[in-house]
Amino acid sequence: MKLIVKVFPEITIKSPPVRKKFIRQLGKNIRTVLRELDADIVVGGVWDNLEVETRLTDPKVLQGIRDRLSCMPGIANFLQVAEYPLGDMDDVVAKCKLHYADLLPGTMFSVRCKRAGRHDFSSMDVEKYVGSQLRMQCGAAGIELKKPDLVVRMEIRDQRLFVVHDQHKGMGGYPLGALEQTLVLMSGGFDSTVAAYQIMRRGLMAHFCFFNLGGRAHELGVMEVAHFIWKKYGSSQRVLFVSVPFEEVLGEILQKVDNSHMGVVLKRMMLRAASAVADRLEIDVLVTGEAISQVASQTLPNLSLIDAATDKLVLRPLVATHKQDIVDLATEIGTADFARHMPEYCGVISVNPKTNAKRNRVEYEEQQFDMAILEQALERAKLVSIDRVIDDLSRNIDIEEVSQALAGQVIIDIRHPDAQEDQPLQVPGVEIQTLPFYALNSRFKALDDTRQYLLYCDKGVMSRLHAHHLLSEGHANVRVYRPS
C-alpha cells in the first residue's frame with residue numbers, strides 16, 4: 001500500500017527553512033507511530049508531500065496505518081494510490097481503467113489531475129483526454145464537473161503517475177514536536193479532555209497535570225483517559241503525567257476559606273501548583289478546559305482573578321464553546337464515555353459562589369490558608385512517563401489470576417469497545433459480559449454479588465488495576481482472567 005500525505009496548508013506558506021523543519025518533523029512522527037505496525041515502513045519526503053509505503057498486506061494492519069495517520073497532527077489529508085511509470089495519454093487511460101472501469105458504467109463522472117514537473121501537456125489536457133476516453137470505453141452516462149457521482153483522481157509528478165483509490169481526512173495542525181510544549185490541567189471530564197485534544201490538534205505537545213481530589217479511583221480514571229488521548233493523537237512524542245495530591249489542600253480551603261470564595265481560591269491554588277510543575281519541566285504555557293460562565297468560577301471577572309495567581313500564559317481552547325458542542329466533540333474523539341463515568345469535585349464545594357469576586361477579598365481569604373500545605377502537596381507530586389503510567393500503577397499489585405474460567409463464573413471483558421468489536425472474546429460454556437474499563441467502577445455495584453467475576457483485558461494490566469480497586473471497595477468476588 002502506498003499513501004501520499006498532504007501536509008497542513010498553513011505549513012506550505014512558511015519560509016523555506018521553517019517549512020522544511022515542519023515537514024521533517026512530520027516524517028519523523030509518522031515513522032515513530034507506524035513502526036509498531038510495520039518495522040520496515042518507508043517514509044519519503046518532497047517539498048509539500050510525504051510518501052508512505054508498506055509491503056504488508058494484512059487488512060487489519062493497513063487499516064491501522066490509515067487510522068493512525070488520520071489522528072496525527074500535521075496532516076491535512078492523505079491519498080491511497082497506485083503508482084506507475086508515466087506513459088503516453090493512452091497508457092494513462094489504461095491505468096485509470098484498471099481501478100475505475102467497474103465503477104463508471106451508468107455514472108456521471110469527472111476527472112481531476114494534479115501535475116508537478118515539466119511536461120508537454122497541461123493538467124486540463126489530461127482531464128479532457130482521459131475523461132473522453134473513459135466515457136466512451138467504460139459505459140459512463142456522461143461527464144459532470146460540478147456534482148459528479150464519481151471523481152477519477154490522479155497525480156502526475158515528473159515521470160510518475162499516481163492513480164488515487166481513496167482520500168482520507170487528517171487532523172490538520174502542525175506536527176507535534178515542531179512547536180512549544182504545554183501543561184494541561186486534567187480533571188478527566190468533558191472539558192479538560194477536549195481542551196487537551198484541541199491543543200494537540202493544533203500541534204502543541206501536551207503534558208498532563210492532575211490534581212487528585214477524589215482518591216485512587218479518580219486518579220486511575222484520569223490516567224486512563226490521558227493515556228487514551230496520548231495514544232490516539234500524540235504517541236509520536238513522549239510526555240509526562242503529573243499527579244499532585246490535593247486532598248489536604250482542599251481540606252484547608254474547606255476549613256479556612258469562606259464558602260462563597262472556595263471555587264476561585266481552589267482554582268488559584270491549582271494554577272500556582274501547575275506553574276511550579278511547569279517551571280520544573282521548563283514549560284511556559286498552561287492549558288485549562290474552562291469556558292465563559294459555564295460555572296460560577298468561570299465568569300470573566302473570576303477568570304481574571306484566577307489568572308492573576310500565575311505569571312504563565314493560560315490558554316483556554318474552549319473559552320467561547322457551548323457545552324453541547326464540547327460534548328459532541330468529546331463523543332467524536334472518543335473521550336465522552338470516559339468523562340461520563342469520571343468523578344467531578346471542583347463544582348460541588350461552593351454554595352452560593354461569587355460570580356464577581358473581588359481581588360482584595362480573595363487575597364484576604366488566601367491569607368487564612370497555610371501555604372505550607374500547598375508546598376507539601378508539590379513535594380509529593382508524582383511524575384510518570386505517559387507510556388508507562390498504567391504499567392507503573394499495576395506493578396506492585398498482587399491479585400489472584402486464573403487461566404481457566406469455570407461454568408458459573410462470569411468473564412467481564414473490560415477492553416475498549418473498539419477492541420471488543422474487532423476481536424470478540426469467546427470462551428465456550430462461560431458467560432461473557434462486555435463492560436468497558438471506564439464504566440466498570442460505576443456499574444459493578446449493580447451486578448449480582450452472588451456471582452464470581454473474572455476481569456479480562458489483552459495484557460492483564462487494566463484488569464489487575466480495576467480488580468485491585470474493586471477488592472479495596474469490599475467486592476471479594478473479583479479475579480483476573482489471563483488465558484494461557
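A Cβ is built for glycine as well, from the same backbone N, Cα and C atoms used for every other residue.
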Annotated companion of L185, M186, G289, Q298 at the ATP site, Swiss-Prot, chosen from K256, K267: K267
C457 (disulfide bond) - helix vs strand vs coil (DSSP): coil
Around the Cβ of C457 (disulfide bond), the count of other Cβ atoms that are within 10 Å: 22
Helix, strand and coil counts within the domain 'THUMP' (63-167) (DSSP): 36 helix, 38 strand, 31 coil
Rounded mean pLDDT for the residues that make up the domain 'Rhodanese' (405-483): 87
